[in-house]
Amino acid sequence: MYAENYKIFEAIIDKLREFDGAIIVEGPRDEISLRKLGVRAEIIKLSRLPLAEVALIASQYKEVMILTDLDRKGEELAKKLAMYLEGYGCKVDTETRRSLKMIAKKDIKGIEDLYNLYLRVSLRFWPPEEGI
């Protein structure tokens with residue numbers, strides 16, 4: 001990860017920690033990674049339920065963040081989920097996933113790798129230099 005992306009990455013992690021809705025991930029390792037980062041939001045895993053059922057459960061929250069993996073399969077899942085959730089009238093956050101993909105796709109394959117990336121870049125860019 002480049003130094004100029006570090007601040008953006010840090011802001012994404014802060015946003016995840018402060019998020020007050022439900023976060024949809026693909027599997028249990030994704031949830032573990034987010035919990036290690038200090039995320040307290042409700043986390044709904046796709047691995048055990050059909051998409052329509054996940055969307056129905058998530059639709060009970062004011063806002064839903066979709067954090068599927070950063071690969072093609074994750075992209076397809078995110079689009080389908082967003083369509084279902086918008087049909088329920090949910091406010092859907094796909095921008096966080098898009099931002100992560102833009103700055104970290106070369107560094108991680110999926111959400112399960114997020115915590116390890118956070119540790120690596122935190123060590124690399126600590127202490128913060130002026131202008132970073």
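We number each residue from 1, going along the chain as drawn.
Heads up, the Cβ atoms here are built off N, Cα and C, so glycines get one too.
Annotated domain 'Toprim' per Swiss-Prot: 20-100, in sequence order. In the predicted model, the domain 'Toprim' (20-100) shows an average pLDDT of 94.
E26 (Mg(2+) 1 binding site) falls within neither a helix nor a strand when secondary structure is assigned with DSSP, and so counts as coil. What Swiss-Prot lists as Mg(2+) 1 binding site is E26, D69.
When secondary structure is read from DSSP and collapsed to three states, D69 (Mg(2+) 1 binding site) falls in the coil class. According to Swiss-Prot, the feature Mg(2+) 2 binding site maps to D69, D71.
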Least Cβ-packed of the binding-site residues E26, D69, D71 (other Cβ atoms within 10 Å) is D71
